[in-house]
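Annotated domain 'Gcp-like' per TrEMBL: B:36-325, in sequence order. According to TrEMBL, the divalent metal cation binding site annotation covers B:His117, B:His121, B:Tyr138, B:Asp318. Per TrEMBL, the feature substrate binding site maps to B:Tyr138, B:Val139, B:Ser140, B:Gly141, B:Gly142, B:Asp170, B:Gly185, B:Glu189, B:Asn290.
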Amino acid sequence: MEQSELIDAGGVAPQITKQPEQLNLLSQGAEGRLFLGDIFGQVCVIKERFQKNYRVPQLDAKLAQQRINQECKNMARIRKFGVPTPALYLIDEVGRKIYMEYLGKHAYTVKEFLYQLKSFDHPILDQMVDKIGTNLAILHTNDQIHGDLTTSNMMIKPKVPLGLQLSTREEDKRITASEIAESGTLGDVYLIDFGLSFVSGKIEDKAVDIYVLKRAFISTHPGSEDLFDRILDKYREKAGAQGLKIIAKYKDVEKRGRKRECFG
Amino acid sequence: MEVDKSRKIISLGIEGSANKIGVGIVDQDGTIYSNPRTTFITPPGTGFMPKETAEHHRAKVLTIIKQALEEAKMTLDDITVISYTKGPGMAGPLSVGAIVARTLSQLYNKPIVGVNHCIGHIEMGRVVTKSENPTILYVSGGNTQVIAYSQNRYRIFGETLDIAVGNCLDRFARIINLSNDPSPGHNIEQMAKLGSRYIELPYIVKGMDMSFSGMLTHIEELVTGKKTSQTKKQQQEQSGKMQIEETYSKEDLCYSLQETIFAMLVETTERAMAHCNSREVLLVGGVGCNVRLQQMMGIMAGERGGSVCAMDDRYCIDNGAMIAYAGLLEYKFKGQTGMRLEECTFTQRFRTDEVDVIWRND
């Protein structure tokens, strides 16, 4: 109760936000819980970084605070470059919650999409490769590091002309990955989860960002090496002169990775 | 122990990739008949070097093999297959296990299998804890990996970008001159129990990867007095007032180092679990014996509605039985044949995801 009173005093309209127990849990990531809620009558996603009891309270408070800041600041920053990310509605620092845009029930994480599609060479993936590669290039040209690039942290918001299909399908049924693929238009690829993001001009940081994605990509989707290489090609094409340097450094980081396998 | 020798596959495994030489005898159900080992312990402030470690292993290996056979009440004729650690590890120590295994295989005409050390940890962990498909955190002196199984490979989702977590702990123990007996990690753990003040340390997590070398440098500078944990702002506020020379007790340093490092490990493991929709965690490797790490992992898994399968610390640490068991699996699923002698080499670099996991089909 004390917490909501605090928010009250801060001027945030209290009635529009619900307590977590009243909300629908969408998923539990590593960072926190995602709920579907509403704010000012608008559907939204609420991301709560609940207290992690495994770590000492000082460290937990520091990390939560730091990551809420990073996430909000960088999410807003990235929108300026035209890279799709969910819009931020409200920050509740006391309750460790942020309120942001809901991408709709038809949205897929790239991971889910690839799992359902069961193919790495479907023509629709050209669009995906194009969008991911371009987005990453834009991010890095603007010295923005994501910090946790995986296929779960990219979401596809389909742009299927739903009206045309609704006559033949139930209205509340979620569109399937193959339906998106058949429609020939992928839609927008959103980047989400900026808790580990930061601003840096260092080639090393950008190369590690790519390396983190590569590892997540290959281990989550075995056999997708070609697909990842295509993303990398697109990235190089769009990232300009610095792109080559980043790729060269990335090869370095990768080698460092293999060396690290030692004994124990 | 009465053993039905006609039905069972009995495997003898030799492990000597780091500072321990161990020999274990197991069957296909994971029953361990014997598992003796000895550790090469160096004086405080020093680590183990390949040459001296190999000398230690050479001096002990035959005694340990005899001891293993005696404890199991077996002779070499009862053994179906001989397994040894092919890698990864230090070259000198690895060569001892490989040469002894090859010699025994020739003398007694037994099939021989070279095993990936990490796979040994994982498979022993799975059979002991009976967990089907866990997310694995493998933490030891040479490895820090977050692993999950998919399509006949153990795939590495996250790992250290520089030194291993156990290496960081061992080297920290050397900085503060802690004893290496029974192990530096154990002594840090005991000392950490006495600490209470949390000193802020760097916390470096990059997605599912992490880094420890900066932490080591930072803490070294705290010990030698080159640095304080205060921020510049705090220092400026204090300037003008009397300068207080800050010193840190070993207990508080151990406590803070453990809390920070383990929080990083638990966080990356949690991220991998969320990414793979997994509910179980298996903790293997030497650092996995740490009770505080097990406890933290337990709390995290509990908050996600999952559970942690911590291994018995006798198997968490490098040992012969795990090598024997992983070798046995390979032998059994390869149509009961071993490797050709010319394949029985050893290698310092051998990644977990290079091994074709033929014994799993999920």
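Glycine is no exception: its Cβ is also placed from the backbone N, Cα and C atoms.
Annotated features taken from TrEMBL, shown on the structure.
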{"residue": "B:His117", "record": "divalent metal cation binding site", "contacts (Cβ under 8 Å, 6+ apart)": "B:Glu15, B:Ser17, B:Thr85, B:Lys86, B:Gly87, B:Pro88, B:Gly89, B:Asp318, B:Ile323, B:Phe350"}
{"residue": "B:His121", "record": "divalent metal cation binding site", "contacts (Cβ under 8 Å, 6+ apart)": "B:Tyr138, B:Ser140, B:Val284, B:Gly285, B:Cys316, B:Met322"}
{"residue": "B:Gly142", "record": "substrate binding site", "contacts (Cβ under 8 Å, 6+ apart)": "B:Ala18, B:Pro88, B:Gly89, B:Ala164, B:Gly166, B:Asn167"}
{"residue": "B:Gly185", "record": "substrate binding site", "contacts (Cβ under 8 Å, 6+ apart)": "B:Gly166, B:Leu169, B:Asp170, B:Ala173, B:Gly286, B:Val287, B:Cys289, B:Asn290"}
Query raised in the report: When each of the binding-site residues B:His121, B:Gly185, B:Asn290 is checked against chain A, which show a C-beta distance below 8 angstroms?
Result: none
Report task. Measure the Cβ-based neighbour count of B:Ser140 (substrate binding site), defined as the other Cβ atoms within 10 Å of its Cβ. Result -> 29
Requested in this report: Quick one: average pLDDT across the domain 'Gcp-like' (B:36-325), no decimals.
Outcome: 90
Query raised in the report: DSSP on B:His121 (divalent metal cation binding site), three-state: which is it?
Result: helix
Query - Other CB atoms, at most 10 A from the CB of B:Tyr138 (divalent metal cation binding site) - result: 28
Requested in this report: Count the other Cβ atoms sitting within 10 Å of the Cβ of B:Asn290 (substrate binding site), across every protein chain shown.
Outcome: 26
Query raised in the report: What does DSSP assign B:Tyr138 (divalent metal cation binding site), in three states?
Result: strand
Query raised in the report: So how far apart do the substrate binders B:Tyr138, B:Val139, B:Ser140, B:Gly141, B:Gly142, B:Asp170, B:Gly185, B:Glu189, B:Asn290 get, largest Cα to Cα in Å?
Result: 19
